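> Could you have a look at this structure, given as structure tokens, before my questions?
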């Protein structure tokens, strides 16, 4: 057999790798990582047919401008790491100059990590306001056995990580809905915060909001000072549902009247819906099991599917 020419070896080394299933975050991104691969493969095939490596260069130039891009991953520096609970962290990433991510509300971005040589991708929603300048912040929960969690746990200030996006989002418009009912479990709080902040920052926006935050225990509620500040606005109500607390006695008195113990059940949700000041439009974000339960309870409470949005 004739040995492969060095030239051929070089071309094969430049060939894009097909993504593995673990690399798809499953959030329905447009373009999906598989779309990006198809595009890169076509570019590689064209360059190889013409034997012109400069045709591959477009990709290299693009990913150096530290601007978020849906097609290619961009490097961002971690400027601070703050541990919020035993397994949840808030990370701040630098943006060059005074630039901002310019995300629309509730949009998510996709993180790429490599663990034991395996590439994984996951979607996260920044909690910082979309127009924050010079930085963005992401809330992340680390699970014991999760591949991405193993990668995130190693992060420290000054590390570089790769993001692409933005994707999805909830097309929020001020005063479009009389009341928003936000049902958030754990880090599902993330996409709700930029929407809440945009309402409280806009004096013309008179949308009522009822946020229901579901956590295991009082200690596991994230960002309490921020939530308490938001709850002071005339049009914002916040309830907490703590699945593993048995009594409210140990809680600070300021939390006692708006906290429930146990799970967010169909009956409790009906009670909350009935206490809404207007017919609510519902936003849901949590685990897939939480999202399915909530969708079922809402249906039972007479809220139609076109009045709900699941992140």
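The backbone N, Cα and C atoms fix where each Cβ goes, glycine too.
Predicted, not measured: the structure shown is a model, and the values here were computed from it.
Annotation comment: TrEMBL describes 122, 124, 139, 141, 148, 149 as FAD binding site. Annotation source TrEMBL lists domain 'FAD-binding FR-type' at 71-173.
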> If you count other CB atoms within 10 A of each CB, which of 139, 148 wins among these binding-site residues?
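Per the Cβ count within 10 Å, the most buried is 139.
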> Looking only at 122, 124, 139, 141, 148, 149, which the record lists for FAD, tell me the maximum pairwise CA distance in angstrom.
14
> Please identify which of 124, 141 has the densest Cβ environment, defined as other Cβ atoms within 10 Å, among these binding-site residues.
124
> Any same-chain residues 6+ apart from residue 122 (FAD binding site) with CB under 8 Å of its CB? Would you list them in sequence order, or say none?
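Residue 122 (FAD binding site) has long-range Cβ partners 25, 110, 111, 113, 148.
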> Inside 8 A of the center formed by the CB atoms of 122, 124, 139, 141, 148, 149, which other residues of the chain have their CB, for the recorded FAD site?
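Going along the sequence, the neighbours appear as 111, 140, 142, 146, 152, 187.
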> Counting every protein chain present, what is the number of Cβ atoms, excluding its own, within 10 Å of the Cβ of residue 149 (FAD binding site)?
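I count 18 other Cβ atoms within 10 Å of it.
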